[in-house]
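> Sharing the record's features from TrEMBL:
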type	residues	note
ACT_SITE	E281	active site, proton donor/acceptor
BINDING	P82, T83, Y84, D113, R156, R161, D194, D195, D196, H308, T309, R310	UDP-alpha-D-glucuronate binding site
BINDING	D196	Mn(2+) binding site
COMPBIAS	312-322	compositional bias 'Basic and acidic residues'
CARBOHYD	N300	N-linked glycosylation site
REGION	312-335	region 'Disordered'
SITE	E227	site 'Interaction with galactose moiety of substrate glycoprotein'
SITE	Q318	site 'Interaction with galactose moiety of substrate glycoprotein'
Amino acid sequence: MKLKLKNVFLAYFLVSIAGLLYALVQLGQPCDCLLPLRAAAEQLRQKDLKISQLQENLRRPPPAPAQPPEPEALPTIYVITPTYARLVQKAELVRLSQTLSLVPRLHWLLVEDAEGPTPLVSKLLAASHLLFTHLAVLTPKAQRLREGEPGWVRPRGVEQRNKALDWLRGRGGAVGGEKDPPPPGTQGVVYFADDDNTYSQELFEEMRWTHGVSVWPVGLVGGLRFEGPQVQDGRVVGFHTAWEPNRPFPMDMAGFAVALPLLLAKPNAQFDATAPRGHLESSLLSHLVDPKDLEPRAANCTRVLVWHTRTEKPKMKQEEQLQRQGRGSNPDIEV
Ligand SMILES: *[C@@H]1O[C@H](CO)[C@@H](O)[C@H](O)[C@H]1NC(C)=O
């Protein structure tokens with residue numbers, strides 16, 4: 001029994017030594033596990049190369065952008081907008097100001113029908129990021145629309161538009177924004193944009209290069225799909241209108257623009273508050289241009305880029321009801 005245990009131990013010892021020797025011999029042999037290692041190293045090298053290429057690209061200056069337009073070379077568009085306090089005033093002015101902010105080199109002349117600047121309009125202008133001049137003039141009582149009178153009886157916004165023309169001619173009056181009128185020799189064009197119309201961004205580029213008076217059609221006006229000049233061989237030969245076609249300029253306020261130098265050269269050109277119905281536009285334009293010299297724009301007056309939209313007057317029946325119960329909408333929240 002004793003002897004047997006000794007033999008087993010010996011056998012175990014021999015086998016272990018043999019195993020150890022085999023392992024030692026194997027260590028010195030070249031191993032085929034090096035192949036995948038080499039492949040991995042090669043992959044890493046490739047990736048390093050790629051990364052340094054990308055880093056190189058990043059260091060290189062970006063390609064020069066296409067020649068940027070020079071805004072200083074563009075004539076300025078002076079947009080004259082009369083406005084008056086009413087329920088939809090802020091909505092209209094937000095909409096218009098956001099259209100105007102799409103147009104480069106534009107200066108907004110916003111003229112309130114009020115004794116002075118109102119907080120609503122002042123705040124809106126300050127927040128608009130537009131270049132603007134804030135003006136205010138109250139329409140004289142005799143000219144104001146009476147309660148229940150339809151809107152077309154008296155021309156609206158006459159005093160306000162004339163106030164803006166006065167400012168352009170250096171007679172001051174600004175109550176906010178840019179106070180100095182355009183310096184002599186300024187290239188520009190003047191457009192009368194009421195706050196309820198709808199304007200395509202394209203319209204402003206059509207009018208920008210106006211030498212005298214440029215014209216185009218206006219949509220949804222005068223009881224027609226559109227009104228506008230009729231053009232033959234690039235010249236205005238008549239007007240498409242259903243109403244008093246014999247007016248000197250049977251056109252809507254939104255359908256023309258005047259070169260600033262021309263307006264400044266004719267200091268008497270302004271709107272006449274006593275002009276008969278529908279003759280307000282003519283009262284200005286007859287000082288400035290012969291109808292045959294009108295400059296057709298918008299593809300020879302075949303494209304409509306401005307619409308005489310009218311905002312419906314909101315009904316306040318429920319508001320009045322709640323106010324009687326002392327539960328009206330919070331008056332501190334501006335609408
Ligand atoms: C307008 O009409 C004139 C004369 O027919 C033509 O030479 C010109 O190219 C037209 N302009 C546009 C923008 O269609």
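Yeah, the Cβs are placed from backbone N, Cα and C, and that goes for glycine too.
Heads up, TrEMBL stuff is auto-annotated, nobody curated it.
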> Taking ligand 1 as the reference, state which of the recorded positions R156, D196, N300 have a Cβ closer than 6 Å to one of its atoms.
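Among R156, D196, N300, near ligand 1: N300.
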> In whole Å, note down how far the CA of the residue listed as 'N-linked glycosylation site' lies from the CA of T309 (UDP-alpha-D-glucuronate binding site).
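The separation of the Cα atoms works out to 23 Å.
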> Looking at the recorded positions N300, T309, Q318, which one has the fewest other Cβ atoms within 10 Å of its own Cβ?
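Comparing Cβ neighbour counts within 10 Å for the recorded positions N300, T309, Q318 gives Q318.
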> If one measures from the C-alpha of Q318 (site 'Interaction with galactose moiety of substrate glycoprotein') to the C-alpha of N300 (N-linked glycosylation site), what distance in angstrom results, rounded to a whole number?
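That separation, Cα to Cα, works out to 49 Å.
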> Please tell me which one of the recorded positions listed here (E227, E281, N300) sits closest to D194 (UDP-alpha-D-glucuronate binding site), measuring Cα to Cα?
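Out of the listed candidates, the nearest Cα belongs to E281.
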> Given R156 (UDP-alpha-D-glucuronate binding site) and E281 (active site, proton donor/acceptor), what distance in Å do their CA atoms have, once rounded to a whole number?
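Distance between the two Cα atoms comes out at 12 Å.
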> If you measure from the Cα of P82 (UDP-alpha-D-glucuronate binding site), which of the recorded positions E227, E281, N300 is the nearest?
E281
